[in-house]
């Protein structure tokens, strides 16, 4: 067996992001799930045979044949259910009730790829962002680029700045954008390499919408160094909540008054999810937590398993700190945590 097993705490990594990309594996990962997550989470995360994949169509390419093929194979539209928020008619994502793996789109010289395979829960932060025509949008930790592509399916922003500081992930991001969006958008879609923590100073109040994600997905035990490399990454993980808090503060400072920032992660770790949001709400004046329950959770509960997060006494009578999608058999989307904060002044 070529897999080299190691034990990693589930809350310590963006587990689903690693697990959903078999092409990057060099070593297998055994998750140490002896505490916290229920058995159902474990069974899903440790069983690649049950994983499901979303197929997001690319509006910049010819997709009619792909759409017919998907429907013929039993795929259904994820966004066919009406919901109270603005409905992005050009965002099309198809899912299958069974773990049917649709093939990756082939590369054809001079042609844009017609669809992008993704964890369907990754669309939730994009829907929460609510991008409208003419918005200036910052995608703070943008690689590998799936959510940036999704943003461009929902509307035509005046600017979409895709930021990624890590050079290898930035190359991956640039290749994704090149494969899916036309050259005519090169002045609209830009790629930057700034430290996300400085946007709040260097571009304060410059954006209508900012998406900030746990951009430090760890490919534990991949690349040179093997176990030694993984051990270093695990030590680095202890600093993530502080870093994420700094990034979210920067995101809110980069948003104009009246604009919103959406924070998301693909981890079950409370310290990187609710505690980051709570820390920012307690220390940043002029911001307001927004409720996503009616806008997203209720309309999409047929397709996603949302787990209650409850309310936080220290914040008084406020909405829940966010939504958390957890993987279940037959609905293997997630983990995905998301929260939306509006800048009031």
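Residue 1 is the first one shown; counting continues down the chain.
Cβ coordinates come from backbone N, Cα and C, glycine included.
Residues annotated as active site, nucleophile in TrEMBL: 266. Among the features that TrEMBL reports, S-adenosyl-L-methionine binding site is placed at 141, 142, 143, 144, 145, 146, 147, 164, 195. Here TrEMBL flags 42-344 as domain 'SAM-dependent MTase RsmB/NOP-type'.
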For a quick check of packing: other C-beta atoms within 10 Å of the C-beta of residue 145 (S-adenosyl-L-methionine binding site), how many? 25
How many Å lie between the Cα of residue 143 (S-adenosyl-L-methionine binding site) and the Cα of residue 266 (active site, nucleophile)? 14
